[in-house]
Amino acid sequence: MHGEVVAAHGRQYRVALADGTTVLAFPRGKKSEIACGDRVDVTPGGDGQAVIDAILPRQSLLYRSDEFRRKLIAANVTQIVFVVAVEPGFSDELLTRCLVAAEDQDLRLLIVLNKCDLQDRIAPARALLAPFTQLGYSVLELSAQSSAEALRPQLSGQTSVLVGQSGMGKSTLINALIPGAAAATREISAALDSGKHTTTHATLYRFDADSALIDSPGLQELGLHHLDIGAIEQGFVEFRPFLGHCRFRNCRHEREPDCALRAAVADGHIHPRRFETFRTLRAQSE
Ligand SMILES: Nc1nc2c(ncn2[C@@H]2O[C@H](COP(=O)(O)OP(=O)(O)OP(=O)(O)O)[C@@H](O)[C@H]2O)c(=O)[nH]1
Ligand SMILES: [Zn+2]
């Protein structure tokens, strides 16, 4: 039987079956690397539980990783929706991390600027996003409290994962778009944890056959240790015309003479803030 993983917690999964029912499922064997959004083959056990026999081929796979381990975030995602707000302040470094991950997996990235009802606070947030809009990334300005519906058309035909720092309004957005989401999450948590209180689940909400939204808490760091330096360089789309044009093939773009990237920064082709973030990410990945 085919199913889709709609919630993941540790080695337990909620799998939605084609007939609309869901089962609690466990992978066969010890080594499980299954993520929310995975399409799987399951064998129902009759007690409302099931065994996951196989993971179907994935379109994409998002990870976060530090020096020690790698964790799956979500599978088969086609779009990252990065939520920031006019207040409190947000990290443009986390946004750049997401962009690098998105470029690596060939995903669309949409930036949502929330709380735009606080009009006198919009200008500084727009300024922080300017280097990204200049590169062609889209920013959707809305208020999760009054105009969350503006996001819905952007979710159509996509499997989106929602990423955002605490306080940006992710929960408000989800509850506005998916009535009953909070209750559903509590129910799933209860089923997966037998009542233990926890909010660390990734949850998939399906809108229709082609559109779904994955809420994955704990994405605030999005470590990119699994990417090599080449993938990080490629993740900065505006670097691409200059890569390979430094005097030294293994140029680190620090102090080497005739560095094409540093020249591009000096000439205004690369935003200094983006270059600074690149250096930070590179230092972290070493
Ligand atoms: N003014 C304004 N406040 C908002 C809006 N959306 C959310 N908020 C407020 O911002 C705060 C954070 O919203 P949440 O939805 O809890 O944010 P979150 O991103 O889910 O944060 P965590 O739960 O910490 O992950 C709450 O006090 C919301 O009421 C908005 O559109 N306008
Ligand atoms: Zn260089």
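For all residues, glycine too, the Cβ spot is worked out from N, Cα and C.
Here is what TrEMBL says about this protein:
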DOMAIN    65-222  domain 'CP-type G'
DOMAIN    75-220  domain 'EngC GTPase'
BINDING   ASN114, LYS115, CYS116, ASP117, GLY164, GLN165, SER166, GLY167, MET168, GLY169, LYS170, SER171, THR172  GTP binding site
BINDING   CYS246, CYS251, HIS253, CYS259  Zn(2+) binding site
Query: Does DSSP put THR172 (GTP binding site) in a helix, in a strand, or in coil?
result: helix
- line: What remains of the binding-site residues ASN114, GLY164, SER166, MET168, THR172 after requiring a CB under 6 angstroms from ligand 2 is none
Binding-site residues near ligand 1 among GLY164, MET168, HIS253 (Cβ under 6 Å): GLY164, MET168
Message: Using the alpha carbons only, what distance in Å do you get between THR172 (GTP binding site) and CYS251 (Zn(2+) binding site) once rounded?
response: 45
Query: Out of CYS246, CYS251, HIS253, CYS259, the binding-site residues in the record, which is closest to CYS116 (GTP binding site) when you go by Cα distance?
result: HIS253
Message: If I take the alpha carbons of CYS246 (Zn(2+) binding site) and MET168 (GTP binding site), what is the distance between them in whole Å?
response: 40
- line: Of the binding-site residues listed (ASN114, SER166, THR172), the greatest number of other CB atoms within 10 A surrounds the CB of ASN114
